[in-house]
Amino acid sequence: MRSSLLTFRTAVSATLLLSLTALTTVVLADDAVVEPLRLSRTITRAVLSEEQAEGQGARVRRSIGRPELRNHDPFLMLDEFLVDKNGGFPDHPHRGFETVTYMLEGQFRHEDFAGHSGVIGPGDVQWMTAGRGIVHSEMPVFPDGDEGGERALTKAHGLQLWINLPKEHKMCDPQYQELLDSQIPRSEPQLGVAIKVIAGESHGVQSKVYTRTPTMFLDITMEPHKVVEQNLPLSYTGFIYMLSGKTYLGEKEEQFVGEAHNTLTFSGSDGVKETVRIETKEEAARFVFIAGQPLNEPIVQHGPFVMNTHEEIYETFFDFRNAVNGFERANQWRSSAN
Ligand code: FJE
Ligand code: FE
C-alpha cells in the first residue's frame, strides 16, 4: 500500500518531503496511487504513575494532573482508579469542566442532586458536563455475599478524565451522555488492531458524543507485531496512557517505549505532523489515546471547581455554600452513599 518514498523519511526535511510528495503525485498521476507521506509526532516525555490515595479509601494512578504533567490544556486530570468495597468518591461538587468515566472492570454507581442516577459497567462510558454545577457521589457496587467465590471481583477499575470547558460553556446546564459498551463504535484499521471510538474519529469511524471542547478519546488494543498510524488535528495536544503491554511510539528512527501505567505526551505538530505512529513488537498492548483542542484561557482551579478567574472561584464558593446559581438542589441533599 505504501510507496517506497517511505525510505526517504529519515534524511529529508518535512517541507522538502511535502514538495517531493506533491511532485511525485503529479509525475505518477496515471500510475499507481501514491499515498501522501504522513509524519508522526514524537514523544516529549514518558512519566510513570504510581498508586496514591484519593477520595475515600480509593487508590488512583494519576496521569495528567500529577506535578510532572500539569498544564496539559485542555485536560486537567486523568486518574486510573482502583476501588474496593470500602472505597469510593462520596458526595462532592463540580463546576466549570467535564468528567469522563470509563469503566474497565467492575461497576460504579453515580447518584446526583437532581435525582439522576445509574450504574456503569465494563466498557461503558459516562460523559458528564458539570457546567454550572453538579453535586454527586461515585461509588463502586459489588454483587452481594460470597456467591462469586474465589473468582469474585473485589475491585472496580477504570479511568476518569477531566476536560476543561471553554469560558462560554463553563456555566452551561449540566448534561450527561451515557454510552453502553455495545453502543460505542469500533474501527479495525487492520486485523489485530481494535479501536473503540469513545470520542472523535478514527479510521473513518465517528463517535456520536458531543464535545464542547473538541476531544478525541480512543481505547486501542493491538496484537504483537502491528503498526497503526492514528491521525489527529494539527492543533491538538495529546498523549497516550498505557494500560498494559508495550508500545513503540513515533518515527522508527526515534521511538519511545510505552509501558504500563506510563503517560507519553505528544510533541506539537510543527504544522505538518498529522499522525502518531504506534508499533507493537513481541508484546501486545492496550492504551488510551487522548487528544484535544487547547483552550488557551486562564485556569484558576480549586479542587473540583475550575474557572478562569479568582473572582469566579470566590463566587463558586458562595454559590455552593448558599445553594444558589446552579447549586440550588445541593440544599439538604445527601446521596444514599452517605
Ligand atoms: C474530586 C478528590 C477526588 N479521581 N477518579 C477531590 F478524589 C475527587 C474525585 C475523583 C474521582 C472520581 C472517580 Cl469516579 C474516579 C477520581 C478523583 O471525585 F473530585 C476532588 N475534588
Ligand atoms: Fe465527581
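Backbone N, Cα and C atoms are what each Cβ position is placed from, and that goes for glycine too.
Over in TrEMBL, the protein carries these features:
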- HIS92, HIS94, HIS136, GLU138: Fe cation binding site (BINDING)
- 58-163: domain 'Pirin N-terminal' (DOMAIN)
- 218-325: domain 'Pirin C-terminal' (DOMAIN)
- 1-29: signal peptide (SIGNAL)
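What TrEMBL annotates, mapped onto the structure for a quick look.
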| residue | record | contacts (Cβ under 8 Å, 6+ apart) |
| --- | --- | --- |
| HIS92 | Fe cation binding site | VAL135, HIS136, SER137, PRO304 |
| HIS94 | Fe cation binding site | MET128, ALA130, GLY133, ILE134, VAL135, HIS136, PRO304, PHE305 |
| GLU138 | Fe cation binding site | GLY88, PHE89, THR101, PHE108, ARG109, HIS110 |
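Apart from HIS92, HIS94, HIS136, GLU138, the residues listed for Fe cation, the same chain places the Cβ atoms of PHE89, ASP91, PRO93, THR99, HIS110, ASP112, ILE134, VAL135, SER137, PRO304 within 8 Å of the centroid of those Cβ atoms. Look at HIS92 (Fe cation binding site): DSSP puts it in a strand. Checked against ligand 1, the binding-site residues HIS92, HIS136, GLU138 give HIS92, GLU138 in sequence order as having a Cβ less than 6 Å away from one of its atoms.
Sorting each residue of the domain 'Pirin N-terminal' (58-163) by its DSSP state yields 6 helix, 63 strand, 37 coil.
According to DSSP, the domain 'Pirin C-terminal' (218-325) comprises 16 helix, 51 strand, 41 coil. All protein chains considered, the CB of HIS136 (Fe cation binding site) has 24 other CB atoms within 10 Å.
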